[in-house]
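Notes to accompany the following structure.
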Amino acid sequence: TKTISKCYVQVTGMTCASCVANIERNLRREDGIHSILVALMAGKAEVRYNPAVIHPSAIAELIRELGFGATVMENCGEGDGILELVVRGMTCASCVHKIESTLMKTNGVLYCSVALATNKAHIKYDPEIIGPRDVIQVIKDLGFTPSLVKKDRSASHLDHKQEIRQWKRSFVVSLVFCIPVMGLMIYMMVMDSQLADARAHHNMSNEEMEALHSSMVLEYQLLPGLSVMNFLSFLLCVPVQMFGGWHFYIQAYKALKHKTANMDVLIVLATSIAFVYSFVILLVAMAEKAKVNPVTFFDTPPMLFVFISLGRWLEHVAKGKTSEALARLISLQATEATIVTLGPDNVLLSEEQVDVELVQRGDIVKVIPGGKFPVDGHVIEGHSMVDESLITGEAMPVTKKPGNTVIAGSINQNGSLLISATHVGADTTLSQIVKLVEEAQTSKAPIQQFADKLSGYFVPSIVAVSVVTLFAWIIIGFVDFEIVEKYFLGYNKSISTAEVIIRFAFQASITVLCIACPCSLGLA
């Protein structure tokens, strides 16, 4: 017998089934080519050839001459079939050895490993020589009961329901507490501007100003140093920090554990520091029984969390939409197939129902009117109309006669057909589409990768800048106190200059952190 090798060629530029037919027809005529099988969606051709007559590079050249792009794929292992089985009835290591050694002796099996603990067998085979049913039969003959590992057909791993729920909850919590905080903030702004106007028009003395200022409800001190405004803001901020920011904390912790800094780290850093600083400064003010209420940043965390959780929620909703479409696609696959054995003159000898995963290349599959095509293949016998709208979008049924190709998942209408399976399992057009969509879902947009990379550099540099700010102001303060005094209004005259300077420096550096948290980057 002649030696026959197999190679895979990546083919680009194929647009429809006639391109496939064109390549297959032309290459079959060539010397040294035994058989050729082209998959449109995967964009690859599997060629069996006689290495004494022709080389893979020459085959690729032949395809190029037809007007397509073609490159030989190096890793030929992709054509191997992989089978996962659950094997019952194994009792000891010798059972395992028995199964493994028998399978390895079987022609076409490339690799086999059986685990006694999990009752699982993992088998690699060459679909040209042997198929999953043959492997199962071999194990049955040894006296064990193998069964297929059922694949999850529901595409539940693509389901974003849980994330959608989680971010929605996070958004709602933050929003509920954010609205009052914003209300308080706006009220303070309005009041402050009124005060400024009053100051401008009436040339009031400072004592009168103080009187007017403290008459404002929100500035009223519940305890010395603790104003109503700050107390309310604190109360509203705690739940947001706890519940709204919960997921950010988890993500940030994971990122830091791996010594990377992503968006979540920044968000957590900014909100936590704003919160902790404000909290500490309130405690200090209360301890000192300060007359003037300290400036706090309790409004930062709720507003940040609101915007960011809204963004994340919308993102997951959009992803969920794609997944729904995918789940529908997956549900179009047939689950069973009727395999027939043909005698001479295509006489039906027997037929059996098997799982779609068990259909092998070269099997003859019978498809009754109204049935779905379980695999891609060629029609051998019968005439029928087929609805292929799931792939082509063409609502009109397409006529099928012997020699035509059929696509898995399309629906047979009025005649019974016998087809010969060419692409099975993960190679069918439908599986390829599903795989492409899945890959598109799991890969990040380039701009998103860029943003993550940027924030990797951004986080440390912002932290550095705020530290520099802190030390710069401390130094400036000790060198020339008047500058600080000019900017830091209303500090309590009774506290030492050193404390004033440090407090002001802290406030400046916190402000840098809060403002430079790249919320815009994260939101976008």
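Heads up, the Cβ atoms here are built off N, Cα and C, so glycines get one too.
Marked as domain 'HMA' by TrEMBL: 5-71, 81-147. Among the features that TrEMBL reports, transmembrane segment is placed at 171-190, 222-244, 265-287, 457-479, 500-523.
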Helix, strand and coil totals (DSSP H, G, I; E, B; other) for the domain 'HMA' (81-147): 23 helix, 24 strand, 20 coil
Overall pLDDT for the domain 'HMA' (81-147), taken as the rounded mean: 88
Distal contacts, the transmembrane segment (171-190) - CB-CB under 8 A, six or more residues away: 218, 229, 232-233, 236-237, 239-240, 243-244, 298-299, 302-303, 305-306, 309-310, 313
Residue numbers, six or more beyond the limits of the transmembrane segment (222-244), whose CB comes under 8 Å of its CB atoms: 170-171, 173-174, 177-178, 180-181, 184, 188, 271-272, 275, 278-279, 282, 284-290, 293-294, 296, 298-299, 301-302, 305-306, 309
The domain 'HMA' (5-71): DSSP-derived helix, strand, coil residue counts: 22 helix, 24 strand, 21 coil
